[in-house]
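K.L.:
Have a look at this one before I ask anything.
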Amino acid sequence: MDHHHHQQQHHQYDEGENDYRHQEDDWDRDLLLDPAWEKQQRKTFTAWCNSHLRKAGTQIENIEEDFRDGLKLMLLLEVISGERLAKPERGKMRVHKISNVNKALNFIASKGVKLVSIGAEEIVDGNAKMTLGMIWTIILRFAIQDISVEETSAKEGLLLWCQRKTAPYKNVNIQNFHISWKDGLGFCALIHRHRPELIDYGKLRKDDPMTNLNTAFDVAEKYLDIPKMLDAEDIVSTLRPDEKAIMTYVSCYYHAFSGKQKAETAANRICKVLAVNQENEQLMEDYEKLASDLLEWIRRTIPWLENRVPENTMQAMQQKLEDFRDYRRLHKPPKVQEKCQLEINFNTLQTKLRLSNRPAFMPSEGKMVSDISNAWGSLEGAEKGYEEWLLNEIRRLERLDHLAEKFRQKAAIHEAWTNGKEEMLQRKDYETASLSDIKALLKKHEAFESDLAAHQDRVEQIAAIAQELNELEYYDSPSVNARCQQICDQWDSLGVLTQKRSEALQRTEKLLETIDQLYLEFAKRAAPFNNWMEGAMEDLQDTFIVHTIEEIQGLSTAHEQFKATLPEADKERQAILGIHNEIAKIVQTYHVNMAGTNPYTTINPQEINAKWDKVRQLVPQRDQALIEEHARQQNNERLRRQFANQANVIGPWIQTKMEEIGRISIEMHGTLEDQLTHLRQYEKSIVNYKPKIDQLEGDHQLIQEALIFDNKHTNYTMEHIRVGWEQLLTTIARTINEIENQILTRDAKGISQEQMNEFRASFNHFDRDHSGTLGAEEFKACLISLGFDIGNDAQGEAEFARIMSIVDPNRLGLITFQAFIDFMSRETADTDTADQVMASFKVLAGDKNYILADELRRELPPDQAEYCIARMTPYTGPDAVPGALDYMSFSTALYGESDL
């Protein structure tokens, strides 16, 4: 049976007559392979059959038992197909059962299904595999074959439907009808896709298949009227769930949801038709409203665009332009959009009406697309004109603003420049100005006139701009005109004031130049005249020192010549004062305010007059001084002559006397005593001459008091006379003394008169300059002439040196006649020595080595005895007695002192 069945199965696949069968696996072989599938199929198919049978009020409990009599099988087919089958056999016999089963099989075959290797006998006998195979064939034909999705049908159609419905669920991937469903999410996704409110899909987890499967089965049973045809545990525990069981269960989902879809489609069709109508009506309403609004906006906007009333200010016009730009940028674009939308809506509406076989839309009166286009055209026309007008107006206002600003600027500059100018031009500063100030003011005024001329252009420009602003109808013309008028009036005033000031400055300059010339002339003449007066005053007051009549006569002559020039000088003074008076007259006549004094000189008329008066006063004073000095000089001359007359007698007299005394001492007439007598007579006559000297001293006193320092009448001064007189007195006294000493020497040394005369003759011979002394060389020559051996050899020099130390102990280099005589007498005569005196004292002392005072008093004159006692020192020798005096040392001392 089995073998035959297998052959039949293979034959079925070979033929491949029916697609739905061709697509299936061999269920029989599958069942043999895995008994778990049989269990799954039994449960699923039973539930599927009951889901239909309950419509006929019945059900089955055991699939291979309850279909054996064929009655419930026929009922199932009627419920599924909705058709009536042949009336069943009601008998209980096997033949009746076979007949009923055959009727069912024939019905299935009549639906285009070839039931290969399924016979009525096996069904009646309760063959489970055959029964399950038959039910699967019914499920395929009635539940799956009619499924059609996008050109695919049956199993592929169902699979594609599952894939389409679960596509949005990322964790579901349906590729088959076995393992793709194991996690239960496929079932849940199908339910959630169609009825999202039944399952909270977000809470499901892929790793919890039991919960997922049970959730789906429970919800399907409760809400979708799909009985539980599968067991969650079976599916989870089976490596590969039974494909037929799952296909059967999934097909129930398809039929449950596609049935609902048909109702929806029907409702949708009605809604669609209604919606088209409603939409069309809405579009008509929208068109009408949009058209009305747009036309109303155009109607409102055109008058605004046609308003051509200009504004006064640039700001207001700029605001208009800004408003217009806002209109262009903000308000118009939405309206352009609206107009465009309106045309689109109109065309869309007409198309829709045409497509849905409805009559065309006719808008109300005046709201046609053409009406709107015409209105829009008018708007654009107004708009174009408006923009041109705005820009022209702005250009005009710009020009006006520019001109007005230019006017204001130039006016402001001009007003700033003119500020204070009128006041400056009316200033009387020239009245107190000096000539240099006036020249500076004139230069400054010339510069101002140039500046004024340069500003003429600006004034003309200001007037021209004001004129143009009037022509362009500037809104603020009145104030512009007023300002312009004020500027022009002030300009004219400045011109007049400038001219006046110019004239005043030039007039003042001329006057000041005249005065300046006079000042200069005054200065040129006053300075030398002033110098002349100062010189004259100096000369007139000059203290003169004259010593002669001639000198004072010279001064008087010069003074007379000076007096002769005074009338001419007075004329010059009058002329200089005349210049000053002329200046005063100009100042008074023209009311010139003379600032300061003459710049060329500090001399003024008062000073000139004061000095002139002083000169006039000094002239008679000078006259008097000269007269007095003349008298004084005459007196001085008398004193000079008086002194000279006496001095010229006394001077020669003294000279003569000196010469005579010199001759007496040199000529050696008579004895020394005769010479002495002669000299004493001379001395007496000289002493008697003294009163004449005294009288001359008196005259000299008068000369000194008169401050006379020279005397041309004599060469003798009082000093000469005094010195001569003193020399005369000294000479006579010395000469007398020399003669007296010569007498002493002669007597002491026993020199004869002849020897003395010889010494004198030798001395005088060598005293070549008659000075009364010999020099060393003269003395040496004198000694050689007297026979002394003093040659030029060393011995001679030594001898001469010894002699010189005697005759010139003070080393004056001069030897007097007295020293010469002393030397010569010592050389030629016996002379006392210390030894001789000592020997004399020894005689008086009675041959003792000492002498007593009594002995001295007895032998010598009293004064000489006392002289010796006073000078002798006590004797201290071995033989000394009290009162013994040392005569030896005394004798030595006598000669020692004398030598010294």
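Cβ atoms here come from the backbone N, Cα and C positions, even for glycine.
Automatic, uncurated: that is what TrEMBL annotation is.
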K.L.:
Among 123-157, 438-472, 788-822, indicate the range for which TrEMBL gives the feature coiled coil.
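P.N.:
From TrEMBL, the annotated coiled coil range turns out to be 438-472.
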K.L.:
Which one of 245-272, 273-300, 833-860 shows up in TrEMBL as coiled coil?
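P.N.:
Here TrEMBL associates coiled coil with the stretch 273-300.
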K.L.:
Give me the DSSP three-state residue breakdown of the domain 'EF-hand' (795-830), ordered helix, strand, coil.
P.N.:
25 helix, 3 strand, 8 coil
K.L.:
Can you break down the domain 'Calponin-homology (CH)' (152-258) into helix, strand and coil residue counts using DSSP?
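P.N.:
So the domain 'Calponin-homology (CH)' (152-258) is made up of 69 helix, 2 strand, 36 coil.
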K.L.:
Taking a Cβ cut-off under 8 Å, which residues six or more beyond the ends of the coiled coil (273-300) line up next to it in the same chain?
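P.N.:
That would be 335, 338-339, 341-342, 345-346, 348-349, 352-353, 356, 358, 361, 363-364, 366-367, 371-372, 375-376, 378-379.
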K.L.:
Excluding the flanking five residues on each side, which residues at least 6 beyond the ends of the domain 'EF-hand' (754-789) place their CB within less than 8 Å of a CB in that stretch?
P.N.:
662, 665-666, 668, 672, 742, 746, 796, 799-800, 803-804, 807-808, 813-817, 820-821, 824, 828
K.L.:
Just to confirm my parser: what is the rounded mean pLDDT across the domain 'Calponin-homology (CH)' (152-258)?
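P.N.:
The answer is 91, the mean pLDDT of the model over that range.
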